[in-house]
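What follows is one structure encoded as C-alpha cells, with my remarks underneath.
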Amino acid sequence: MPLMQFTLFTLFSKEHRGFAMGLAGLVIQFAPAIGPTVTGLIIDQASWRVPFIIIVGIALVAFIFGLISISSYNEVKYTKLDKRSVMYSTIGFGLMLYAFSSAGDLGFTSPVVIGAMIISSIIIYLFIRRQFNISNALLNLSVFKNRTFALCTISSMIIMMSMVGPALLIPLYVQNSLALSALLFGLVIMPGAIINGIMSVFTGKFYDKYGPRPLIYTGFTILTITTIMLCFLHTDTSYTYLIVVYAIRMFSVSLLMMPINTTGINSLKNEEISHGTAIMNFGRVMAGSLGTALMVTLMSFGAKIFSSTSPSHLTATEIKQQSIAIGVDISFAFVAVLVMAAYVIALFIREPKEIESNRRKF
C-alpha cells in the first residue's frame, strides 16, 4: 500500500492526485466488498481452510504479475536498515496490541494488561526518540512538524479505527445476536463496500475541483449520525435496517478517507512524500489493529456485565444474543465519540495556499 501510494503521488501532479487516488480506491475497496460474501459462501459449503488456500494462489499470481509488469520510476537510494528501530517498533506496538486484546478477558486492572501497557509505552517512546536522533530513521517523524499533515494523519487513523472495528463487530452481531448464517453477514458488508469503492472515483474528481472542505463537512456529519444509529441495535433489529445504515455509513467514509490522506501528502515537499505515505499507512494499520482490539474488548466487557446481571427468566441462548447486542452497542458508542473527536480535528485542516487558490468555489 505505501509503495502504491508513493508511486501514484510521484506520477501525478497535485492537481490530479485526487482522481488517481480515487481510482486506486475503487480497486482496493472491491476486495472487502466481495471477500466476506465469497468467504461466507465457501465456509458454508466447504471448509474454513479453503479461503486460505485461495488467498495463497491469488498472492502468487499478483506477485508474478507485479514482478513482470511494474517498473521503477524513482531513483534508487541505498540505505542501512536500523535493526534497533525494527526491534523497538515490533515489540512496542506488538505489546500494546496484546494489552488491548487481553483486556477483554483479563480486565483493564489486570497486572498483565497494566504491565504490558507500561512496557509498550516505554519502548514506543524509545522508538520515537531514536527516529529523531539517527540519519537512517525507519520512519522520518519530522514530517509531523507540518501541521496539515499531522492533523490529516490523526483524522485518518481515527477514521480507520471507525471503519475496521465495525466491519468486525457487525458480522459478530449478525451471527450471534440475529442468529444468521455466515453468508448473510457477508451480505451486510457488501453493499457498503461496493458503494465505498464506486464513490472513490467520483470523490477523487470532486476533490480535484473543489478541495477537501465540502467533503469533510458532509462526510463527518453523515458518519456521526449513522454511527449513533448503530448504538441502539437489539436482537430484533431489522436486517434491512442494518444493511442500509451500514451502506450509508460507508458512503460517508468514501467522502473522507481519500481527501484527507491526499491533503496530508500534498502538504509535504516532494522529498518527504515517501516518508509521509509510509507514516500515514503505518498509522492507519496500527489504528485499525488497536481499534479492533479495543472494540472487541469493550464488546466482551459489555457482554460479561449483561450476562452476570441478566434476568433469570431468559434462556441461555437469549442471554448470549442480548449480551452480544449490548456489547456491540457499547463499542459503537465508543466509535461515535472517536468520530466526533476526529470531526473537530478535521475542521482545522487547511490546504497549502498555492493549491487552495486553484480550487473552484463550492
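If you go along the chain as it appears here, the first residue is 1 and each next one adds 1.
In case you wondered, yes, glycine gets a Cβ from its N, Cα and C as well.
Residues or ranges marked as domain 'Major facilitator superfamily (MFS) profile' in TrEMBL: 1-354.
Per TrEMBL, the feature transmembrane segment maps to 21-43 (among others).
Only residues 6 or more beyond the boundaries of the transmembrane segment (49-73), in the same chain, are considered here, and those with a CB under 8 A from a CB of the stretch are 7, 10-11, 38-39, 42-43. What TrEMBL records for 49-73 (among others) is transmembrane segment.
Residues or ranges marked as transmembrane segment in TrEMBL: 85-102 (among others). For the transmembrane segment (85-102), the residues of the chain that approach it from at least six positions outside its boundaries are 110, 112-113, 116-117, 119-121, 123-124, 126-127, 130-131, 134, 137-139, 286, 289-290, 293-294, 296-297, judged by C-beta separation under 8 angstroms.
Sequence annotations record features per position, and here TrEMBL assigns transmembrane segment to 108-128 (among others). Only residues 6 or more beyond the boundaries of the transmembrane segment (108-128), in the same chain, are considered here, and those with a CB under 8 A from a CB of the stretch are 85, 88-89, 91-96, 98-99, 102, 141.
Annotation source TrEMBL lists transmembrane segment at 149-174 (among others).
Annotation source TrEMBL lists transmembrane segment at 180-203 (among others). Residues of the same chain lying 6 or more positions beyond the ends of the transmembrane segment (180-203) and with a Cβ under 8 Å from any Cβ of it are 18-19, 21-30, 32-34, 36-41, 43-44, 167, 170-171, 174, 215, 239, 242-243, 246-251, 253-255, 258-259.
Among the features that TrEMBL reports, transmembrane segment is placed at 215-235 (among others).
Annotation source TrEMBL lists transmembrane segment at 241-260 (among others). Long-range contacts of the transmembrane segment (241-260) within the same chain: residues 18, 21-22, 25, 29, 152, 155-156, 159-160, 162-163, 166, 170, 174, 187-189, 191-193, 195-197, 199-200, 203-204, 207, 212, 215-216, 218-223, 226-227, 229-230, 233, 346, 349, each at least 6 residues beyond the stretch ends and with a Cβ under 8 Å from a Cβ of the stretch.
Listed as Cβ neighbours of the transmembrane segment (281-303) (distance under 8 Å, sequence separation of 6 or more from its ends, same chain) are residues 1-2, 5, 93, 96-97, 100-101, 103-105, 139, 153, 156-158, 160-166, 168-169, 172, 323-324, 326-331, 334-335. Marked as transmembrane segment by TrEMBL: 281-303 (among others).
Among the features that TrEMBL reports, transmembrane segment is placed at 323-349 (among others).
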